[in-house]
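Okay, so here's the structure we're looking at.
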Amino acid sequence: MLLNGDCPESLKKEAAAAEPPRENGLDEAGPGDETTGQEVIVIQDTGFSVKILAPGIEPFSLQVSPQEMVQEIHQVLMDREDTCHRTCFSLHLDGNVLDHFSELRSVEGLQEGSVLRVVEEPYTVREARIHVRHVRDLLKSLDPSDAFNGVDCNSLSFLSVFTDGDLGDSGKRKKGLEMDPIDCTPPEYILPGSRERPLCPLQPQNRDWKPLQCLKVLTMSGWNPPPGNRKMHGDLMYLFVITAEDRQVSITASTRGFYLNQSTAYHFNPKPASPRFLSHSLVELLNQISPTFKKNFAVLQKKRVQRHPFERIATPFQVYSWTAPQAEHAMDCVRAEDAYTSRLGYEEHIPGQTRDWNEELQTTRELPRKNLPERLLRERAIFKVHSDFTAAATRGAMAVIDGNVMAINPSEETKMQMFIWNNIFFSLGFDVRDHYKDFGGDVAAYVAPTNDLNGVRTYNAVDVEGLYTLGTVVVDYRGYRVTAQSIIPGILERDQEQSVIYGSIDFGKTVVSHPRYLELLERTSRPLKILRHQVLNDRDEEVELCSSVECKGIIGNDGRHYILDLLRTFPPDLNFLPVPGEELPEECARAGFPRAHRHKLCCLRQELVDAFVEHRYLLFMKLAALQLMQQNASQLETPSSLENGGPSSLESKSEDPPGQEAGSEEEGSSASGLAKVKELAETIAADDGTDPRSREVIRNACKAVGSISSTAFDIRFNPDIFSPGVRFPESCQDEVRDQKQLLKDAAAFLLSCQIPGLVKDCMEHAVLPVDGATLAEVMRQRGINMRYLGKVLELVLRSPARHQLDHVFKIGIGELITRSAKHIFKTYLQGVELSGLSAAISHFLNCFLSSYPNPVAHLPADELVSKKRNKRRKNRPPGAADNTAWAVMTPQELWKNICQEAKNYFDFDLECETVDQAVETYGLQKITLLREISLKTGIQVLLKEYSFDSRHKPAFTEEDVLNIFPVVKHVNPKASDAFHFFQSGQAKVQQGFLKEGCELINEALNLFNNVYGAMHVETCACLRLLARLHYIMGDYAEALSNQQKAVLMSERVMGTEHPNTIQEYMHLALYCFASSQLSTALSLLYRARYLMLLVFGEDHPEMALLDNNIGLVLHGVMEYDLSLRFLENALAVSTKYHGPKALKVALSHHLVARVYESKAEFRSALQHEKEGYTIYKTQLGEDHEKTKESSEYLKCLTQQAVALQRTMNEIYRNGSSANIPPLKFTAPSMASVLEQLNVINGILFIPLSQKDLENLKAEVARRHQLQEASRNRDRAEEPMATEPAPAGAPGDLGSQPPAAKDPSPSVQG
């Protein structure tokens, strides 16, 4: 298995089959710079083919690229079906050995048609181990156990179960005939109105998973290592094998290859046994001695190479599954060996064994970045080292908590212990030496690592040359929080007091500064909005800082300038920090703030700071414009446009961020007034600052919005304001007062703008959260911390259109309950010994979710043993408290604690005392709550049907808890050039230039693959958009291929039931239908509906879209009754969430009417179409095309109804003998069904004349130039720390309706 985004070239080639084989770059002006038209330089990368001669098989051709390394051809051969059993070989060209690490273009004489000979090389111990590991990987290549166990970056995918393999030409294509009989019956549990929520269908058993047994046992022999005399005969190691025929054999791995020896389990005899067959490959030897192996191994490899490459490639970060079927534990020599060595990734392949993580992390940052190829190389190296470091840190953190690592201070109390393992430093999230005594003790110590990680993430994103941060990973495991950090060279040899040359080690009592640090941090202060400021130290001397006092600067022995302890990078959140004598604005007081939180490290999010500054910039422009209007009351100057010259005095923000309210009430709300204000703002922007009146205007506006400069808009925050123990000089009192006011305004802005804005967006379906994670994501995108969840829910409750926010309220309550339960679970687990873990977790789940009134915890059997022995065990792992207090918890007590926690932490009153009351009051589902708590805590449960509602027995037993995984937080390094390409492509698509957009997004895909390898969330978003574009441009096959990759990738990197995966399934179903693969389309839609039911339930706006899709496809295959069930459900849901007069509801009525027409039930059809017609007439007017279409259809229905009635009357008059031609009911054509599917999925093909098109493009280009002028100004002046992901950009969690994702003139949202 390949680790952490590594990908053999063969898989890359398959994975990138849709992409052109080239690598494109940008001009030096900077990525995505569209002002002069994006100049794309093509790096010539024409491939050529070489002939491969390998022993024992026919020669074959291989397409290669000059930029590939020789090593990548090795990897291709190790993956091919006919050469996969070889690992120890070299490639020869004209008798010369090719170097592993040289690029093909540098190999002399290598050209089109060259012959490369595969030559078997002698083994070493290392090569023999690699060979055995590779054979084991081949034998396990279809076995999903590594994915269920969450190891080696394996993860699950179930798409192939629903598509019968590949959807491309190679796979089993569905018949294209429209009227082919196909099985359309959905399972009972996914029908609208079904109360059943089974868990087993979540992970259907793939036919390939019942593995073909090639061998019973392959393991290292107990006779290892070979004695000295045998080493001198070339013996490297011994293997023990039991074949499928039950033959036990002992095998010698020697320098020349593998052969049978005469040893038995108890008798060592290394001499060769008969048949005397020496094979260079272990597989060839096993083929000789076991007919079953020979037959099954061949079948296994055939199946392996038939699987889609995206099902096999390792993901960059480990994804864990919260459920797993019961699996047999098979013997596995490689797994056993890995468990007892500190192998991380492929450690033993690297000289020097353990890696110097700090050196690797910092060296990759120092790589050059002047042009695109350099930046790609740098970003790929950063990403690779980072994913490796995260894997190593996670493994180390688990080893620390499990007690398998010796502490560096073993004599101290468990909580105070620190650890070093594999060159990584580990500390536990407890308040050691009362460091956080004034900030909330252990609670503050638990929160500090995540704040610090956010700081590291931010400084890494700003990426200032010469400033270094530590590799940081935060791991929550078994109730403990472990921080893993790379080690600054020399830090362990010195006291902290000596090391720190900038900042404070005691929260501001002693403070030092350093000119070099001030210079470096000054460069970050602009994008991070941090104010350079003075504080007083313990000797009352003024010290200048450009960060919070806790931020420490240490110069390592390597001469690098490191910053650490970045927990206060962002300003404090005053809503949760009561300060005696300070009053908050009225908006805060009205909402019940300030509220004392359990710690004093509450900070505003970076997104909030950015949104606040943007809001202030708008206010600044409006104030300045209003003053100009007053000055120019007599005569108005002609405004010059923003394009002509960038603003010299106004910086940083785009002209008109959507959705931001104006802060000033004075200006008129009429459109003409706003237009005037905008013109005047542009006048100021174009002014060069010489006009004294403009200077005066700008000075006044700067003062009003709190800018630190009087000549330019520049808002920054002092992160030390309101920090306990930090004092400011007398001379700065005015500045401090202004800064305090700014912080109060920011706190008020969060409550008065951001939270109402979020609720409004949810109401208008601009965002569609589906589960707790997507709700948290949309809150964070707006800078709203999760501690405000109670306030969000209160606002939803008070909203006039409360029922239209039912889905948000339900998700929010579920999130509030599971987060409160997680807080309790964390402390609960800390008191559990390792031997009691499954009993304790199953007891907690019973108390949390089971209706059984008094579950009894099963104490582990060894609790009954005398405890004298325990007195000797002073230094236990952190979890070994010998505490059975957990066993006495009751459901009543747990739910009382959950309600208390909800009140204390979120300030929300839950109206439930048991799980059943919670389900009844808030419409929650127990299976959804189980999923949410499992994902948040790392629990893995057995895949089976749980009887949550049984009052006679508890839902969970010890055997149902299979595992507990770590929950890992880490930095996500970005592929910046690829991201800019992606944004430029989106912009082109939105302007209607689909082909150009498609090319740019293809480029982005190439670059994403270059940096991240084949698997990544952002690559997934790229593939989704590419598929949509190909679909719009009529290339269904390409759309299908890209969307299949997007689904597989979403399953693998985000989770098989993640809301994004559900959306990807829906898109794929549409493209399958368009390609006449009807039964596959239905299978995919049924899967999406099942996942939606499991993750949320029935009553969600997204369910209306899903049911419309299902209903339409069923209508197309003439399953009218089934179709009506789904379409009528969609109509009910749409009516609830969009209101009875919405256009979506009119469309829903029309779809239902069409099915009734097909059933010849004209009265019902007329009734629904009339409803639709009324809505169109009211909303759009009688002359609108839609209204006219509906009117025509009504006439048509009326005529059919009259004709039917006439026929019926004829029958009544003349009896059955009447000679009446049979009524003709035609099935809907596939084209008409597809047309409706496109409409509901937000894809409209608008017929435009050439003139219309030209006018539209001219208008779009004009607007785009204005936007670009503003954007380029931002980019030139302010290298932003992080870009907010645009709709549908990488990072988008699928929380928006498809319509909002890819709008364009030809793709109407």
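From the backbone N, Cα and C atoms, a Cβ is placed for every residue, glycine too.
Fair warning: this is a prediction, and the values are worked out from it, not measured in the lab.
Feature annotation from Swiss-Prot assigns region 'Disordered' to 1-34 (among others).
Summarising the annotation, Swiss-Prot assigns compositional bias 'Basic and acidic residues' to 9-25 (among others).
Here Swiss-Prot flags Ser279 (among others) as phosphoserine, drawing on a large-scale study or a structure entry. In the three-state DSSP assignment, the secondary structure recorded for Ser279 (phosphoserine) is strand. Within the same chain, residues at least 6 positions away in sequence whose Cβ sits under 8 Å from that of Ser279 (phosphoserine) are Gly257, Phe258, Tyr259, Leu285, Gln288.
Taking Cβ-Cβ distances under 8 Å and a sequence separation of 6 or more, the neighbours of Ser281 (phosphoserine) in its chain are His85, Arg86, His131, Gly257, Phe258. Swiss-Prot lists Ser281 (among others) with the feature phosphoserine.
Under the heading domain 'Clu', Swiss-Prot lists 335-577, citing sequence analysis as support.
Annotation source Swiss-Prot lists region 'Disordered' at 636-674 (among others).
Taken from Swiss-Prot, the feature compositional bias 'Polar residues' applies to 636-651.
Annotated phosphoserine per Swiss-Prot: Ser654 (among others), in sequence order.
Annotation comment: Swiss-Prot describes Ser664 (among others) as phosphoserine, evidence class a large-scale study or a structure entry.
Feature annotation from Swiss-Prot assigns phosphoserine to Ser723 (among others). Cβ neighbour count for Ser723 (phosphoserine): 21 (other Cβ atoms within 10 Å of its Cβ, all protein chains included).
Residues or ranges marked as repeat 'TPR 1' in Swiss-Prot: 978-1011.
According to Swiss-Prot, the feature repeat 'TPR 2' maps to 1020-1053. Regional average pLDDT for the repeat 'TPR 2' (1020-1053) in the model is 95.
Look at Swiss-Prot and you will find 1104-1137 tagged as repeat 'TPR 3'. If one looks beyond the repeat 'TPR 3' (1104-1137) by at least 6 residues along the same chain, the residues whose Cβ comes under 8 Å of a Cβ in the stretch are 178, 182, 184-186, 191-193, 765, 803-804, 806-807, 1066, 1069-1070, 1073, 1078, 1081-1082, 1085-1086, 1088-1089, 1092, 1098, 1144-1145, 1148-1149, 1151-1152, 1154-1156, 1158-1159, 1227-1228, 1230, 1233, 1236-1237, 1240-1241, 1297-1298.
Marked as repeat 'TPR 4' by Swiss-Prot: 1146-1179. Long-range contacts of the repeat 'TPR 4' (1146-1179) within the same chain, counting only residues at least 6 positions beyond its ends with a Cβ under 8 Å from a Cβ of the stretch, are 1104, 1108, 1111-1112, 1115, 1118, 1120, 1123-1124, 1127-1128, 1130-1131, 1134-1135, 1186-1187, 1190-1191, 1193-1194, 1197-1198, 1200-1201, 1204, 1223, 1225, 1227-1228, 1236, 1239-1240.
What Swiss-Prot records for 1264-1278 (among others) is compositional bias 'Basic and acidic residues'.
Per Swiss-Prot, the feature region 'Disordered' maps to 1264-1309 (among others).
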**Asked** In the repeat 'TPR 2' (1020-1053), how many residues does DSSP call helix, how many strand, and how many coil?
**Response** 31 helix, 0 strand, 3 coil
**Asked** Within the repeat 'TPR 4' (1146-1179), how many residues are helix, strand or coil going by DSSP?
**Response** 31 helix, 0 strand, 3 coil
**Asked** Which residue counts does DSSP give the repeat 'TPR 3' (1104-1137) for helix, strand and coil?
**Response** 31 helix, 0 strand, 3 coil
